[in-house]
């Protein structure tokens, strides 16, 4: 049997579960942010900075960022696998996607922990 090394999950079921889990995390993060906007203080730079300087917000934001990246990779991998048939061209596109996602990950990490 051929092992698929380019997908995040081990198989389609695992990818399906990852997509659903990341969607739940993103939904909870959205509710968290809406709660801050709806019930928090007036939105100023100081309140925004205080909100993002909390450890729970930083961890939740990085968890949401990781979820977005996993969600994006699985979706883009499926699109690339379905629509780009030449293996070399698909590998190039996958490399670019992975590089961009890692740039997003490191940028997000430094932005969130820089507050």
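Including glycine, each Cβ sits where the backbone N, Cα and C put it.
What TrEMBL annotates here:
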type: TRANSMEM; residues: 17-39; note: transmembrane segment
type: TRANSMEM; residues: 59-80; note: transmembrane segment
type: BINDING; residues: 71; note: heme binding site
type: BINDING; residues: 83; note: ubiquinone binding site
type: TRANSMEM; residues: 92-113; note: transmembrane segment
Between residue 83 (ubiquinone binding site) and residue 71 (heme binding site), what C-alpha distance do you get in Å?
18
Near the transmembrane segment (59-80), which residues from the same chain, at least 6 beyond its ends, have a CB less than 8 A from one of its CBs?
6-9, 15, 18-19, 21-23, 25-26, 29, 32, 52, 90, 93-94, 97-98, 101, 104-105, 108-109, 112
In the structure shown, with every protein chain counted, which of the binding-site residues 71, 83 has the densest set of Cβ atoms within 10 angstroms of its Cβ?
71
Give residue numbers and ranges for long-range contacts of the transmembrane segment (92-113): same chain, 6 or more residues beyond its ends, CB-CB under 8 A.
6, 52, 58, 61-62, 65-66, 69, 72-73, 76-77, 80, 84
